[in-house]
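Visitor: What Swiss-Prot shows for this protein is this:
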TOPO_DOM  25-218  topological domain 'Extracellular'
DISULFID  CYS29-CYS83  disulfide bond
CARBOHYD  ASN45  N-linked glycosylation site
DISULFID  CYS85-CYS90  disulfide bond
DISULFID  CYS94-CYS188  disulfide bond
DISULFID  CYS95-CYS106  disulfide bond
CARBOHYD  ASN109  N-linked glycosylation site
CARBOHYD  ASN123  N-linked glycosylation site
DISULFID  CYS150-CYS209  disulfide bond
CARBOHYD  ASN170  N-linked glycosylation site
CARBOHYD  ASN198  N-linked glycosylation site
TRANSMEM  219-239  transmembrane segment
TOPO_DOM  240-248  topological domain 'Cytoplasmic'
TRANSMEM  249-269  transmembrane segment
TOPO_DOM  270-278  topological domain 'Extracellular'
TRANSMEM  279-299  transmembrane segment
TOPO_DOM  300-320  topological domain 'Cytoplasmic'
TRANSMEM  321-341  transmembrane segment
TOPO_DOM  342-370  topological domain 'Extracellular'
TRANSMEM  371-391  transmembrane segment
TOPO_DOM  392-424  topological domain 'Cytoplasmic'
TRANSMEM  425-445  transmembrane segment
TOPO_DOM  446-454  topological domain 'Extracellular'
CARBOHYD  ASN449  N-linked glycosylation site
TRANSMEM  455-475  transmembrane segment
TOPO_DOM  476-514  topological domain 'Cytoplasmic'
Amino acid sequence: MKTLLVLRISTVILVVLVIQKSYADILECDYFDTVDISAAQKLQNGSYLFEGLLVPAILTGEYDFRILPDDSKQKVARHIRGCVCKLKPCVRFCCPHDHIMDNGVCYDNMSDEELAELDPFLNVTLDDGSVSRRHFKNELIVQWDLPMPCDGMFYLDNREEQDKYTLFENGTFFRHFDRVTLRKREYCLQHLTFADGNATSIRIAPHNCLIVPSITGQTVVMISSLICMVLTIAVYLFVKKLQNLHGKCFICYMVCLFMGYLFLLLDLWQISISFCKPAGFLGYFFVMAAFFWLSVISLHLWNTFRGSSHKANRFLFEHRFLAYNTYAWGMAVVLTGITVLADNIVENQDWNPRVGHEGHCWIYTQAWSAMLYFYGPMVFLIAFNITMFILTAKRILGVKKDIQNFAHRQERKQKLNSDKQTYTFFLRLFIIMGLSWSLEIGSYFSQSNQTWANVFLVADYLNWSQGIIIFILFVLKRSTWRLLQESIRGEGEEVNNSEEEISLENTTTRNVLL
């Protein structure tokens, strides 16, 4: 009985060892940092001598699979791999080092003339930030047996400004035109023939696959957001009591936001590609108009509590909405006109907005020009809104103090509380919108850092869901819901102009106290 038990335990141990040997991943070594060293000389201590490099036994393993770019495993013949990239910098090739690539296909046995014509040097950015020019074969380990990144690849010609790239010592690859960092499984290098006028040259060129992010999440959020915007606009148009000056400005803001996001969605679905530039400029116009309407709201709130002479205030109230329209739409037209002009006459790519560039029907947000034409005005308007809301808050405190020292304070206190609620809701709107766009600006500055770019992805989702947030804040609140029910029953059709009243009351209060 004891002998049988020992035999069973031995069998289990043997099976475990066999399985472990079959899938002998090298400890703390990425598969894409290994090479096949089966043909290398094996020494008595278990280490291998590979291309003049001593690979210790602890950095070797027997594999009967290979890992594909999607992390799945493919069964292959058993072979020995070594984690040589921990010992010496590696360069990831698509095919063996003496092959040349043409239209994504590797061709073997380069001729002596082609080998003589080949430029064998690569610029490698070291860990300390310096750039070293290295011979691909003599100073680096060539990894050529890794699976191809994808079926269809495109190459980069670093003679072109838009095709610049950076190859790092640890094997990562940074593509400049879309500021994307690629791992070894997502790109490879190979010799390629380039035309140089009437002559040709052979150089090492990177071949990689575009990282196409899933648009499902963005699509769902943006469609939901657009639906909520339509519902919000409909409620404010249906309920007469909401159509005071605040409400009219808010409706204009929502219309601009809806149109801006609609053009973003059309760009996301590539629907606007047939009228790309006009779609890009129209989308830009409505987004900037939305920002100007948000500044109108903050300015109007401040003016509501500021107070002025009775006649002047009455005159301004009757014509203020026209003035606000002239300002918001006019400034958006001016900025859009400047952007259109710059897009057509500015030759320097760093100063050109490049609307419709790289297949996106929007202003090009990967370059410094985006700060000049898009994020710069955005920062200025956010700063203006912050200033207005702070000044309004100070004025509310001042009016509250005045009311405490004035007769009939209960009636005026009710009006103040009503406008304080209006201020609070619009302040909440600005905080949500200002925060989301501020994070968007942070996302713009962090594009070169993939880690921070992933963090700021939260800002993108917050931005895309603005319509949902506004619907919750402005329509699903109890007071709006009550007004909607009254309007459905045909009650209370009078427009609420309390913002004018509080301004006039505050002015009278101030004059009496003086």
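A Cβ is built for glycine as well, from the same backbone N, Cα and C atoms used for every other residue.
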Visitor: Just checking: which of CYS29, ASN170, CYS188, ASN198 have a Cα that is within 10 Å of the Cα of CYS95 (disulfide bond), counting only these recorded positions?
Guide: CYS188
Visitor: Tell me, by DSSP, whether ASN123 (N-linked glycosylation site) is helix, strand or coil?
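Guide: DSSP assigns ASN123 (N-linked glycosylation site) to strand.
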Visitor: Taking pairs 6 or more apart in sequence, does the count of Cβ pairs under 8 Å between the transmembrane segment (279-299) and the transmembrane segment (371-391) hit 3 or more?
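Guide: Between the transmembrane segment (279-299) and the transmembrane segment (371-391), contact is present.
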Visitor: Have a look at the recorded positions CYS94, ASN109, ASN123, ASN198 and say which one has the shortest Cα distance to ASN170 (N-linked glycosylation site).
Guide: ASN123
Visitor: What does the structure give for the C-alpha distance between CYS106 (disulfide bond) and CYS94 (disulfide bond)? Integer Å is fine.
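Guide: For CYS106 (disulfide bond) versus CYS94 (disulfide bond), the Cα atoms are 8 Å apart.
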Visitor: What count of other C-beta atoms do you get within 10 angstroms of the C-beta of ASN123 (N-linked glycosylation site), across all chains shown?
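Guide: Here the count is 12.
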Visitor: Just going by other Cβ atoms within 10 Å, which of the disulfide-bonded residues CYS83, CYS90, CYS106, CYS188 has the emptiest spot?
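Guide: So among CYS83, CYS90, CYS106, CYS188, the disulfide-bonded residues given, the one with the fewest Cβ atoms within 10 Å is CYS106.
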Visitor: Kindly say whether the transmembrane segment (455-475) and the transmembrane segment (219-239) touch, using the definition of 3 or more Cβ pairs under 8 Å where each pair is 6 or more positions apart.
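Guide: Contact criterion met.
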Visitor: In DSSP terms, helix, strand or coil for CYS106 (disulfide bond)?
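Guide: Strand, per DSSP.
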Visitor: Tell me, roughly as an integer, the mean pLDDT over the topological domain 'Cytoplasmic' (300-320).
Guide: 62
